[in-house]
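I'd like to ask you about the structure that follows.
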Amino acid sequence: MLEFGDEIIQEREGGVNIYADIYHTYILTILPSLLIMASERDLFSAEIVNRGIESSGPNAGSLTFSVRVRRRLPDFLQSVNLKYVKLGYHYLINHGIYLLTIPVLLVVFSAEVGSLSKEDLWKKLWEDARYDLATVLASFGVFVFTLSVYFMSRPRPIYLIDFACYKPDDELKVSREELMEVARKSGKFDEGSLNFQKRMLMSSGIGDETYIPKAVVASTENTATMKEGRAEASMVMFGALDELFEKTRVRPKDVGVLVVNCSIFNPTPSLSAMIINHYKMRGNILSYNLGGMGCSAGVIAVDLAKDILQANPNNYAVVVSTEMVGYNWYQGKDRSMLIPNCFFRMGCSAVMLSNRRRDYSRAKYRLEHIVRTHKGADDRSFRCVYQEEDEQKLKGLKISKDLIEIGGDALKTNITTLGPLVLPFSEQLLFFGTLVWRHLFGSKTDGSSPSMKKPYIPDYKLAFEHFCVHAASKTILDELQRNLELSDKNIEASRMTLHRFGNTSSSSIWYELAYMEAKESVRRGDRVWQLAFGSGFKCNSVVWRAMRRVTKPSRNPWLDCINRYPAPLN
């Protein structure tokens, strides 16, 4: 059987000659597939796992094993596309031309003034002003006009005042064993589906203190109802927003922009309308509701809020990112649709943004860059995370076995575009030089060493002090760490968030930043990279710069357990 998820598993049971059976399975099932995909052989790794004696079923008493073929991310070293590097440099030139012209003007001015003594300089200025007043006034007018145009055309800085992450009550906390017991008691799953979910849970990287809605735990009936969806939405959104307004001391009526993103649950009236109604926000608020955009929608919501703030000065914007777990709880038998049950958990984040210059002194972070990548033009990418009904007409979210490969391609494009905006000049020079060399002379270096064929992959640890990588699953984090050559410390916040809160979808990158703040590891000038990916297929990056040293906040979802982390992972 072929199972979908973080790993592709080919199984064969037997108890007479286990090595013969392994060989038979390999020859008849796995080897043909691998030969067909010979050009992609570097994307797979295989291992044989002894699963012990089968205790029940038709094969009771026999020894069971699995041959596991794991799919990896594409090797970025071999597949960097030059056009995405050029796109990154296009962004850099468009936004950084003044960085080139100002130094040139300063050099010319310094050369002119440097040849004069202090007395000669004042004498020359006085004589020019005395005998050529029209020229002086004209020059001064041009200077004022140029300065005015520059400051008027310059994008307003976007500040992150503060953010909040919702922490559900302890009564909603479940361990992995408790979750399996809930699935078993529901009577909705056969033994094969239960075993599949258990294997996925035990290898997911998720701990025993995550949260699921009460309706999933307490009821064996359908939880995907509008009533349960609205109840869960009210709980998580209002919980996060109450904390945000308390921390920022901003009244709901002072908020001019509201952006809410939730992929699966999109009622009428919208979630943004629910928030406006609950907090009695002002009538001319600019509100937006993003649906169906997956786990990367939190970055998209920030990008939308940024664009609106650029056109509306002296405003606050609130961005709410969440997902409704109970509404998407799948109760069928399609294994590719059972995966979300194993990974997704309750969570919500609320972020307060401002373009008011007076908020400079109290802001935590300043927005530096946003880079978005969309692979939806490709059919495989478009369908790799797809909501549909199964054969029994039960609605669920189907996860393709190609997810990791497709996600790796989107990630490669995104970070290649981001590189010229954030990397030190030395890294950019090495990267761009080797890439151009490979592009121009790659066909002529077949006999050269492998290092001549591979472009230099920049060290992104030189560009950022902190990494918030979407906590999707343990396998994905493992592959990202390997490909980006991140240290255990770099990926710690993502792993610990997955362990403590599970995959909270688009809000996970904010739980990771909350972890760093609880550890008091963010200092003035530090750069934070938030990287998220989701259905579509999309991969999005946002870069923040810390405005001050962030001390341990008074309210934070990690405060009651931060001393136990980093925790050992199974």
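Even glycines carry a Cβ here, placed using N, Cα and C.
Just so you know, TrEMBL annotations are computer predictions that nobody has curated.
Model, not experiment: these values are computed from the prediction.
Not my notes, these are from TrEMBL:
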TRANSMEM  91-111  transmembrane segment
TRANSMEM  131-151  transmembrane segment
DOMAIN    150-439  domain 'FAE'
ACT_SITE  CYS295  active site
ACT_SITE  HIS374  active site
DOMAIN    465-545  domain 'Beta-ketoacyl-[acyl-carrier-protein] synthase III C-terminal'
ACT_SITE  HIS466  active site
ACT_SITE  HIS470  active site
ACT_SITE  HIS499  active site
ACT_SITE  ASN503  active site
Tell me, in order along the sequence, which active-site residues from CYS295, HIS374, HIS499, ASN503 have their CA within 10 Å of HIS470 (active site).
CYS295, ASN503
Which of these active-site residues is closest to ASN503 (active site) if you go by CA atoms: CYS295, HIS374, HIS466?
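When the Cα distances are compared, CYS295 comes out closest.
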Rounded to a whole angstrom, what is the C-alpha distance between HIS466 (active site) and HIS499 (active site)?
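Between the alpha carbons of HIS466 (active site) and HIS499 (active site) there are 19 Å.
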Using the structure shown, find which entry in HIS374, HIS466, HIS470, HIS499 (the active-site residues) has the sparsest Cβ neighbourhood within 10 Å.
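Candidates: the active-site residues HIS374, HIS466, HIS470, HIS499. Fewest Cβ atoms within 10 Å: HIS374.
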With Cβ-Cβ distance below 8 Å and at least 6 positions apart along the chain, what are the contacts of CYS295 (active site)? List them in sequence order.
SER263, GLU323, HIS470, ALA472, ASN503, SER505, SER506, SER508, ALA532, PHE533, GLY534, SER535
In angstrom units, rounded to an integer, how far apart are the Cα atoms of HIS499 (active site) and HIS374 (active site)?
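So the Cα of HIS374 (active site) lies 29 Å away from that of HIS499 (active site).
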